[in-house]
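Trainee: Sharing a structure, written as structure tokens. Questions coming.
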């Protein structure tokens, strides 16, 4: 499913998946059918940039600037996260 | 903090983590009569149901307490005329709303209203993978075709769909067919939930219990489908526990992650908790959701593992299984603090396996889920007799 993920790809959260702050426990969660994914700070920084319009490359560039980090490393982390979320059915290619 | 005595008393108790989920049983009314229903045999009447404003307060209080997802269930939740308003309240307070429905009494117009109100997800039950089995189990002619149409309407709106199938002797041969049905309906999730024997299902155990060989084959077929369809269809399975060696982690621990509110407003740690005598349940008419979660005697009765017998205390699975199911422990041992008899360490383990083997060979008819006729000493409003 996620094999075709590339820098030009645009991803989005499908209907039925929502990013939300979890006030009671702290941190951020992805709410999905019958499950809750607790996001660490890095995963949250990535997922909050997913708007269904920006390409994967755009998200990587933004993160590389915001965190002053090496682009290749960000690229690897972002693609690994997106592949995992797509396989779990909580993200899709727009 | 200046009063040493009260400070000690108040800070000695460890903080109780808030619940993640809440099952809102809006009504026990239902157009289906499934013999495996988890509702209690003594169903709550329409005249006892909470009103709209009270449910809205409960939803707000649940969100404040830390609940993230609400499962709108029943009975059939769409038997309530205020379902759209309740979904809207969920959306307003940030609760993820999951509609658990039989899908036979929601018009396309009503579904559109639910969608516009912010409904997040639909879980649709199928009693069989074919019309014949669905109608036999639900006792409702035409149910299967209506459910299929409803699934199409859900997906046409772009709402995510889960197909739920409760598995028992009358449909356990249809595992592969349920998988095909879920794919045909464009569901992203399929729940293969072997019947759990509480409420109506317990009454019908001798009509529902499959043979061990059937259960093992069903498990293999689910596993094969899961491998085959990874990334396409998520398959979650609830295992049939009478034949198991390890108990299910019932509710992931009593009062740990979720709570149920019954149609009349009683706060329960699980579906079947009312079968345990002596527990004191609090009602949302008199208490907030936070008070029920943190302070009600029923929720604190079996929280954690301290109440469990010594054999559980030294078990490495103590905080994986949480001792299994309290209701099943009571049913088999007469004592709700015992380990679940499904556990192979239980002295009652052979008894529960034997029960399953005997029931699987019996040929009982279904006792369909219905409201009992009122006994003369309990007459209330005649209007509450109707099932709509």
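Keep in mind that glycine also has a Cβ here, set from the backbone N, Cα and C atoms.
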Trainee: TrEMBL lists region 'Disordered' for one of the ranges B:349-368, B:369-388; which is that range?
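Mentor: Checked against TrEMBL: region 'Disordered' maps to B:369-388.
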Trainee: Averaged over the domain 'Radical SAM core' (B:16-232), what pLDDT does the predicted model reach?
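Mentor: Within the domain 'Radical SAM core' (B:16-232), the model's average pLDDT equals 97.
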Trainee: Around the [4Fe-4S] cluster site recorded as B:30, B:34, B:37, what other same-chain residues have a C-beta within 8 angstroms of the site's C-beta center?
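Mentor: For the [4Fe-4S] cluster site the neighbour list reads B:32, B:33, B:35, B:36, B:39, B:75, B:102, B:138, B:200, B:369.
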Trainee: Using Cβ atoms only, which residues of the same chain lie under 8 Å from residue B:34 ([4Fe-4S] cluster binding site) while being at least 6 residues apart in sequence?
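Mentor: Looking at Cβ-Cβ distances below 8 Å from residue B:34 ([4Fe-4S] cluster binding site), excluding near sequence neighbours, one finds B:127, B:137, B:138, B:139, B:166, B:200, B:368, B:369.
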Trainee: Using a 10 Å radius around its CB, how many other CB atoms surround residue B:30 ([4Fe-4S] cluster binding site)?
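Mentor: Total other Cβ atoms inside 10 Å, all chains included: 26.
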Trainee: What residues, ordered by sequence, lie under 8 A Cβ-to-Cβ from residue B:37 ([4Fe-4S] cluster binding site) and sit at least six positions away in the same chain?
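Mentor: Sequence-distant Cβ neighbours: B:30, B:199, B:200, B:201, B:369.
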